[in-house]
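Worksheet: one structure, shown below.
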Amino acid sequence: AIHELSCEAYKHLGKTTNYYWIDPDGSGALGPLKVYCNMTVANLCSFVFFQIVHFKKVVLFKKKKIQHLSCSLQLWIRSINALWSTTSLMHHNFAFSFLAEGNPYTWWVGKANEKHYYWGGSGPGIQKCACGIERNCTDPKYYCNCDADYKQWRKDTGMLSYKEHLPVSQVVVGDVDRPGSEAKVSVGPVRCQGDRNYWNAASFVTSSSYLHFSTFQGETSADISFYFKTSASDGVFLENLGNTDFIKLELKSATEVSFSFDVGNGPVEIVVRSPSQLNDDQWHRVNAERNVKQASLQVDQLPLEVRKAPTEGHTRLELYSQLYVGAAGGQRGFLGCIRSLRMNGVTLDLEERAKVTPGVKPGCSGHCTSYGMYCANGGKCVEKYNGYSCDCSKTAYDGPFCIKDVGAFFEEGMWLRYNFHSPGTSMKDLVSRTLLSSTDPEITAPDLNLNKEELSFSFSTTKSPCVLLYISSYTQDFMAVLVKPAGNLQIRYSLGGTKEPYNIDIDHRNMANGQPHTVNITRNGRDIVLQLDHYPPTSYSLPAASDIQFNSPKALFLGKVIEIGKIDQDIYKYNTPGFTGCLSRVQFNQIAPLKAALRPTNASSHVHIKGELVESNCGASPLTIPPMSAATDPWHLDSVFNSLFTASADFPYNGQAIGDGVNRNSAIIGGVIAVVIFTILCTLVFLIRYMFRHKGTYHTNEAKGAESAESADAAIMNNDPNFTETIDESKKEWLI
């Protein structure tokens, strides 16, 4: 097969949502289908779409009392049926509208050309529409809106989900021959969900365990593919025997996979050697093929090994024994997992056979070992019977792989408060400690003090000044992230022990430029690490007199601070009118306040909102290509300024405590002016040389004495005495 078998296979190749060709029967005779794969849906499902009919008006044809409406699926019906056998769920959206003076008589034709009289939202044999099931039809005497026989348009719509009857291939509409009778039909796309074959697996727990199936019919063509995972150094994957013929796939060593067979011309073996270990308990893919022309073997993405078949001799592979998967012939069996075993386009149901076979277990654990890296941004990989899922509950992200931003747009005056303590509970409550704890919490009981915290979020705004984020406490401690009037970012810590808060200012960047910016702040005791966007992290340290505990945190505010008691003067000044813009993926330790507000969970009771919070991705990822380092980027300001001045620059942050910060604006302006003047001078020198390039003396090859000679030939003869001989010889004439 040229194409993958399903959207699930494309997803685990790292593909994103798009149109793809899939081949449900693999190397079988059926052709591929072009489908739309939605990789963003939860629980690792994949959707497949076929667009069919969109609200087509049913027109009377040749005075017939019924009209047949084809859905143009006949060419693909066999391929769709192959897809049907692999999917977990299948849906078909259906809508029917009618304007009539009599009772319509309609049905639809599905799989196996059977007529069906139930409609979307209903089920087989019920002969009702969705409104009849829910008892809310236009006319309560009928079970469908279109049966009401009104002179206004009425509509019945719903999802057909009984997979054994799908897809819809034809709709028959009757009673449209009378004056005033009209009908419209809309048959939506087919949606297929899941891939049962991709995760069909069995675990071989003893070296003598195996599964057996009927004899493999691969006389002239054999196509075998599967995934395996093991920590053993050798073992037989599968084997099928004949009188002298055989076919076998095995793991010969920790780095070698062998494909061997005999069709009567003597044994043939193809070996693929991997530069890395194959018994690393990771999933590896094997593809083996044999036909009358050649045989081939491929492991993962390693080069394909090919062996040509002899021009003369036997070509048919004649087998008679059962097919053994896992072990055979008294040899050492396979220890590990095998999944998605397909032979000539047919997936062998390993799970069902494993349920009744000693020493073999259905399914396979340890999927997270191979695919856990796909759970991004702190998402936790969760093992499932037939796959895995990503738990994003402790992150500020959403989606199947925890990569979807959860953000919201804040209008002027809006604010969000997240209380760290549940209503009616004390500060010492165990639940609150769990909420505030990070992955390695340092919380001192009973006061719930923090020795370290992790804060990350993304924002975009065009207005300044404003308060982006503020964390209050039951004491005077607080932490704040501000945008100053000039658009500069400031992080402010007040943990006690000092008269003034400790400030980190990022002086040389305007953060209120409407572009998305990402902020990551990590504090561990006295040490603070700040990272802005994709620039390298910068380290800071709290003053020696400062406390290192964040005492009794109370609430987290976004957009505006609404707190009782004394508030820092600058924060109070920046608090009006409030933040306007977008905030996304906000996370403080394991608390995601925006996600708690937009995705109702148990933590939603901690959230209070003023205004209407509208979900938005406007704060999604900033520039994804990291900039060159200062050492390698010739245009980086550090490199330019360090070559012009002895003072070093610390762009892009230059973020230092206010007490020892130095303003370098004059040095930067002077450096830029010097570079511009130097460039202008170089340009002038180049232009002057270009304008005067034709002036001066030049040398020619003219013969000496040319000035006094009567002609050019005379000048040459005067200068070269031997030239006359050449002229005499050239005057000779020949008559032929």
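Every residue gets a Cβ built from N, Cα and C, even glycine.
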>> Candidates are Cys364, Cys368. Which one does TrEMBL pair with Cys337 through a disulfide bond?
In response: Cys364
>> Can you break down the domain 'EGF-like' (365-403) into helix, strand and coil residue counts using DSSP?
In response: 8 helix, 12 strand, 19 coil
>> Let me check the 10 A CB neighbour count of Cys337 (disulfide bond). How many other CB atoms are there?
In response: 23
>> Across the domain 'Laminin G' (432-618), what does the mean pLDDT come to, as a whole number?
In response: 84
